[in-house]
Amino acid sequence: MKGILSILSKAIRTFATSNNGDGLSEGVSFCVGYKVLTIGINGLWGSLPVAKMSLSATTKKTDFKSLSSFPLHFLLEQHPGHTSFGMSVFNLSNAIMGSGILGLSYAMANTGILLFLILLVGVAILSLYSVHLLLMTAKEGGSLIYEKLGERAFGWPGKIAAFGSIIMQNIGAISSYLFIVKYELPQVIRAFLGLDEITGEWYMNGNYLVVIVSIGIILPLSMLKNLGYLGYTSGFSLACMIFFLGVVIYKKTQLPCPLPFLHHHSSNLSTNASHHLSPPLNSTLHMDFSRHDAHSSTGVHMEPHADAEEMCTPKYFVFNSQTAYTVPILAFAFVCHPEVLPIYSELKDRSRKKMQNVSNLSILTMLIMYMLSALFGYLTFYENVEAELLHTFTKVYKFDTLLLLVRLAVLTAVTLTVPIVLFPIRSSITTLLFSGREFSWIRHMLIAAGILTLNNLLVIFVPTIRDIFGFIGSSAATMLIFILPAAFYIRLVKSVPFRSPQKIGATIFLIVGVIFMIGSLSLIVMDWIHNPSGSSDGH
């Protein structure tokens with residue numbers, strides 16, 4: 001077969017070179033034995049000419065010279081996609097969403113409403129622009145694999161930069177999802193068993209539970225060969241997060257301000273409870289007054305506040321030591337770039353414009369959900385909201401059916417998202433270490449198992465989710481959103497002059513990304529030095 005491919009490759013290049021792309025018939029076919037081998041190339045990237053190779057000459061002209069720059073194995077590997085537009089939107093939206101939505105109320109509390117909205121919209125627009133650069137680069141760079149684009153742009157260093165960024169970003173994302181499982185699943189089991197506190201049994205130990213979920217649910221889903229199969233689980237996962245958003249909005253209308261649990265002195269408790277909290281007789285609302293150690297265990301300050309009105313007044317611009325984490329958290333919340341190219345490769349009747357529309361719709365939908373979730377979560381707890389929103393609700397409700405359903409919905413959503421995020425990691429490892437080899441189910445499964453093992457170790461031994469959000473958002477997410485797409489675009493897109501507005505814009509985008517990454521990492525490291533042991537964060 002390799003000999004046949006070599007003959008075909010030479011023949012294509014001979015035709016393309018000798019004809020200079022002019023006067024070449026629509027296609028060429030070759031007789032192999034008694035069979036005619038016909039090669040069809042279905043409009044690569046939506047811009048390369050459609051070439052049907054047949055021996056019969058026609059009057060149609062095809063610029064075959066553009067195809068001669070691609071190795072034949074690359075042309076043959078570009079299988080037509082089978083995933084519909086809607087399923088692609090579900091998959092990309094699910095890749096964007098996840099645990100990031102749980103940290104946005106915390107981000108708003110440390111920036112203020114207006115500054116947060118400005119930053120959120122800004123990051124969303126930059127993410128869309130970044131996807132545009134990435135799709136343009138894939139079109140002219142001739143690959144739908146991030147690492148190959150890096151290699152064609154900058155050689156081995158570019159390939160390693162893309163590989164490292166994707167690995168860091170997606171391992172961080174998976175770890176953050178598993179953090180949710182670790183901290184929320186024990187609460188769900190506690191509520192089902194009707195217990196006031198989490199006991200020491202193994203089935204209420206988050207470390208054991210996250211391993212069980214990884215082996216029993218995530219690993220089997222990660223065995224699937226194609227992303228398209230996960231479209232249905234992605235749709236269900238998004239429905240779960242929409243339910244979460246609806247409950248967050250509903251709870252804002254039900255909870256008083258200030259919440260009694262914010263005052264742990266008995267006098268303040270009795271006063272505030274009598275004046276501000278009047279649940280109906282059949283309500284399942286139970287205030288948790290027993291958490292005297294809440295500050296050390298969760299990072300939420302439980303200081304009595306003299307002015308309740310000030311405590312319940314929203315702030316529009318806030319600057320403090322935690323503001324350094326805000327933009328990285330926002331960047332982390334919109335990163336979908338490692339999944340863009342795999343989803344593009346499986347999109348039915350794919351074209352750059354169609355994939356851009358998939359990205360636009362997905363990011364716009366997530367932007368709206370992020371805005372509503374952050375706003376209502378912040379207006380419920382104000383400055384006392386934690387880095388993980390659901391954990392804050394735990395202090396208000398001991399037993400609440402609706403909140404229990406929300407926890408189950410979020411757990412379902414993040415669990416079903418992990419296999420989608422795992423796909424690009426496995427693709428990167430395969431491209432780097434096993435390039436050119438045939439597909440192997442054993443290798444496919446072992447890589448997935450290894451990735452999940454590493455993530456489980458991180459979740460068990462890393463203390464807080466905020467550290468993951470902040471560090472990954474400042475480094476890998478910045479590389480994937482700002483630096484790599486801009487650098488690849490500048491280097492690989494030859495059809496646009498360097499002094500053109502497009503290239504100048506990409507250059508500015510690249511410089512902003514470098515400045516942002518250095519600045520954010522510096523601020524976060526300074527915060528780690530001055531506030532060790534997560535003294536101001538929660539799970």
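A Cβ is built for glycine as well, from the same backbone N, Cα and C atoms used for every other residue.
These come from TrEMBL:
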DOMAIN    83-252  domain 'Amino acid transporter transmembrane'
TRANSMEM  85-106  transmembrane segment
TRANSMEM  113-135  transmembrane segment
TRANSMEM  160-181  transmembrane segment
TRANSMEM  202-223  transmembrane segment
TRANSMEM  229-250  transmembrane segment
DOMAIN    315-523  domain 'Amino acid transporter transmembrane'
TRANSMEM  358-381  transmembrane segment
TRANSMEM  401-423  transmembrane segment
TRANSMEM  444-462  transmembrane segment
TRANSMEM  468-492  transmembrane segment
TRANSMEM  504-529  transmembrane segment
Long-range Cβ contacts under 8 Å made by the transmembrane segment (229-250), restricted to residues 6 or more beyond its ends, are 83-84, 86-88, 90-91, 93-94, 97, 101, 221, 369, 372-373, 376-377, 380, 389, 402-403, 405-406, 409-410, 412-413, 416-417, 419-420
For the transmembrane segment (401-423), sequence-distant contacts whose Cβ falls under 8 Å of one of its Cβ atoms, 6 or more beyond its ends
91, 94-95, 97-99, 102, 170, 173-174, 177-178, 180-181, 184-185, 187-188, 191-192, 213, 217-218, 221-222, 224, 227, 230, 233-234, 236-238, 240-241, 243-244, 247-248, 250-251, 284, 338-339, 342, 390, 393, 448, 451-452
For the transmembrane segment (85-106), what are the same-chain contacts with Cβ under 8 Å, counting residues 6+ beyond its ends?
120, 173, 176-177, 179-180, 227-228, 230-232, 234-235, 237-238, 241, 244, 322, 329-330, 332-336, 339-340, 343, 346-348, 354-355, 357-359, 361-363, 365-366, 369-370, 373-374, 377-378, 380-381, 385-390, 410, 413-414, 416-417, 420-421, 465-466, 469
The transmembrane segment (444-462) versus listed stretches 160-181, 202-223, 468-492, 504-529: most Cβ pairs under 8 Å
202-223
Which of 113-135, 202-223, 358-381, 468-492, 504-529 contacts the transmembrane segment (160-181) most, counting Cβ pairs under 8 Å:
468-492
Stretch of maximal Cβ-Cβ contact with the transmembrane segment (358-381) [cut-off: under 8 Å; candidates 113-135, 202-223, 504-529]:
113-135
Excluding the flanking five residues on each side, which residues at least 6 beyond the ends of the transmembrane segment (113-135) place their CB within less than 8 Å of a CB in that stretch?
104, 107, 314-318, 326-327, 330-331, 333-337, 340-341, 344, 352, 355-356, 359-360, 363-364, 366-367, 370-371, 374-375, 378, 480-482, 485-486, 488-489, 506, 509
